[in-house]
């Protein structure tokens, strides 16, 4: 199921559902605050990532403020298929945000999984799994107001302690026309506990739309195992891709060519130093000694980082 790099990426597929109908497991870069921005999406797409999400964007701020739109959402011609993830709690606000990005993206995703306290206290994220009627209403509203039939509307959720409630939520979302559902196999309270892949399998067996599995997938082997355990149609990865952006291309650790590609892409996109440096820290975690990490992590300018990479790795 996990085939070689497919030529379809060169065709800029604009209907994400084509990926789910391809017969391959869809390999997905998760929405990550600060990290899954355009430069990083450009990098992972070079290494067999099929579908990328933006970091979560608060829909109300995005609709209200041109400054928020400029800082939160950047894309380009090669950045497809692209899903923009929104935090929202009102159907019309989500629709308004979807209409803004519709000409530039291939779909939106409603965040129903973020467990952070600030999100839940604002009525966003994982608290929405307890409001299935609201989720259903938001999905339906977007479908009714977006003209493009190829534009996808998905949701990303966590699971309930009582899995019947999660299945009910998913079935309501499916009835409203949701394109696919990404399931992070933990409850709101769970952080580092083992992922309930069995729960994702039960959800998959209860639905007729694609289901994407998410949680603790660090390598391509993990992705293959989770696919077999859950029968999911797609695999979404966060920290595994931060540590090794070439993971989906079968590399067990970040190859030096990938580090070189990141330097080139980040400089081309004008990536701020902190973001540029942090990505390199993640990528080099497995391939540097403690002493090297101490030196590298303390560097404080782009030129110092470039000199270090050149002197030590010929990058």
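Our numbering is plain: 1 for the first residue shown, then up by one each step along the chain.
The backbone N, Cα and C atoms fix where each Cβ goes, glycine too.
Features reported for this protein in TrEMBL:
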type	residues	note
DOMAIN	29-291	domain 'DUS-like FMN-binding'
BINDING	31, 32, 33, 85, 184, 238, 239	FMN binding site
ACT_SITE	114	active site, proton donor
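Where TrEMBL records a feature, it is marked here on the structure.
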| residue | record | Cβ within 10 Å |
| --- | --- | --- |
| 31 | FMN binding site | 25 |
| 32 | FMN binding site | 19 |
| 33 | FMN binding site | 10 |
| 85 | FMN binding site | 25 |
| 114 | active site, proton donor | 23 |
| 184 | FMN binding site | 26 |
| 238 | FMN binding site | 21 |
| 239 | FMN binding site | 14 |
Residue 85 (FMN binding site) to residue 114 (active site, proton donor) - Cα separation in whole Å: 11
Separation of alpha carbons, residue 114 (active site, proton donor) and residue 32 (FMN binding site) (Å): 11
Between residue 114 (active site, proton donor) and residue 238 (FMN binding site): CA-CA distance (Å): 13
The residue listed as 'active site, proton donor' versus residue 184 (FMN binding site) - Cα distance in angstrom: 10
Inter-residue C-alpha distance, residue 239 (FMN binding site) and the residue listed as 'active site, proton donor' (nearest angstrom): 15
